[in-house]
Amino acid sequence: MPGVSSFRTTTATRAGLGALSGLLAGCAALAAAELTAALVRPASGPVPVVGGAVIDRTPAPVKDFAIRTFGEHDKLVLQLGILVLLFLFAIALGILALRHRRTAAAGVVVLGIVGGAAALSRPDSAGAADILPSVAAALAGAAVLSVLVGRAGPTGPSRRTEGGGGGWSRRGFLNAAAATAAAAATAGALGRVLSGERGQGAVASRDALRLPAPASPAPALAAGTRLKAAGISPFTTPNRDFYRVDTALTVPMVDAGAWRLRIHGKEVARPRTHTLDELLARPLIERDITLTCVSNEVGGPYLGTARWLGVPLADLLREAGVRPPSQGGAADQLVARSVDGMTLGSPVEDVMDGRDAMLAIGMNGEPLPFDHGFPVRMLVPGLYGYVSACKWITDIELTTFDAYDPYWVKRRWARRAPVKTQSRIDTPKPFARPAAGPVTVAGVAWAQRRGITRVEVRVDDGPWQDADLAVQAGVDTWRQWSYPWQATPGGHTITVRATDGTGQVQTEQRTRTVPDGASGRHSVFVTVP
Ligand SMILES: Nc1nc2c(c(=O)[nH]1)N[C@H]1C(S)=C(S)[C@@H](COP(=O)(O)O)O[C@H]1N2
Ligand SMILES: [Mo]
């Protein structure tokens, strides 16, 4: 029986050493990339760029599946998935390297190339510098792999040194492995600290920002705007609860002092670049507006209402010389571009038709949170977020729908997407077991730009019954509703439908979210014991 302590190089032991070498090489590669990215540009790290490239290439239905399944953890799941794949690959390369050095080396190069190509393919790529983290990762990975695998075997006579007749140097390997782990941890931690510091300027600029009072404050909310039903969505969604949907794996940290917004393009007679201070000096409007994501399923969570403070966008456009198509303007599409390269296209007509389209700076009384687009984002009431609500905006280009397809349109989503009339039951929750007797059914209904005039509830196949409506705050916000139900024992399906300000009743025709938003009616099944 071979003594365990002699570490004879059985096949299994050697494979284990190879695997460990690969794992450590993977750690070293990641740490090197992290550190380099921190020095070059935090968003150019290999996990964000590969993740970003994956997101860019994800077909709309799969993206929707991810949002449905993992909710706002979708990005975390993606990054963990990439790490798991990377480590599995690294382990395989480590085992392979024991016998086939060249092939393993080629594998490392391939990984480096994948990372570099992903970096260059990102819309916010800063150019060749973005491949540096991948190069550093490949070099560090290859170096660690070659040193560790060299100590783990193969068993040439020159390598028979210490260690009771085993084919490798136990102490040499362990020392090298420990040194690698320590170096990787240090480099990784240093990278974290450095990229953290980069964000400090942005954080400080946000802390220092004092929002001016609006020239046109939001109308005071009537007492009846908020219903008291337990479990209903609050009329104003607190910032920390506001849904977040974007493709950013690393949230852009923009320094307000360095931020610029350029307005230019087709028939823009007076192109301009604005600073934040210039925008803050203008008359600001404050409005309650409900923002909705096109990926929101019937009954889904991806919408919220906030009190936004911002610059009327139509005024800025008019000053630049832009005319809406109805007044002879030749540009019918406004393309907003963010610092991370996202593009969103809105109809110029909608932006300039008198609605409260704005460049928002404040959200519920504070500067925009970083997640929601600090320092400035666009908002156009009545349009889904993907065709209007550009976060971290930095560029507005006037063009035509014929000439340019923005990010989501290239991925099967519709060019134009006004929000559909919808309603949601917030309470009772699906599969709840309320006691027989009075049960409050309540929720929200929305049809931005048109408003909600009626909400009806139906239990099983019974008649549609009018729900009680909260006071309407405005046509651009959702409206709460509630319905006093006398629950009787048994299983029941509760369904809701809304009617908008044009008299249109919410359709029962079910459609998917792709290409222009889900339609159909929300129902909830409950059991009354
Ligand atoms: N830069 C950028 N802006 C963006 C997006 C994005 O991915 N990147 N997503 C859009 C989509 S699809 C929606 S629904 C809204 C969501 O805004 P929120 O995250 O503040 O709720 O932002 C829009 N603006
Ligand atoms: Mo969205």
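Yeah, the Cβs are placed from backbone N, Cα and C, and that goes for glycine too.
Automatic, uncurated: that is what TrEMBL annotation is.
The feature transmembrane segment, as given by TrEMBL for the ranges 103-119, 171-187, sits at 103-119. Same-chain residues lying 6 or more positions outside the transmembrane segment (76-96) and placing a CB less than 8 Å from one of its CB atoms are 15, 18-23, 25-26, 29-30, 47, 50-51, 54-55, 66, 70, 103-104, 107-108, 111, 141, 145, 148-149, 249. Sequence-distant contacts of the transmembrane segment (131-150) (same chain, at least 6 residues past either end, Cβ-Cβ under 8 Å): 17-18, 20-22, 24-26, 28-37, 40, 44-46, 90, 93-94, 97-98, 101, 104-105, 108-109, 111-116, 119-120, 173, 176-177, 180. Restricting the average to the domain 'Oxidoreductase molybdopterin-binding' (249-403) gives a pLDDT of 97.
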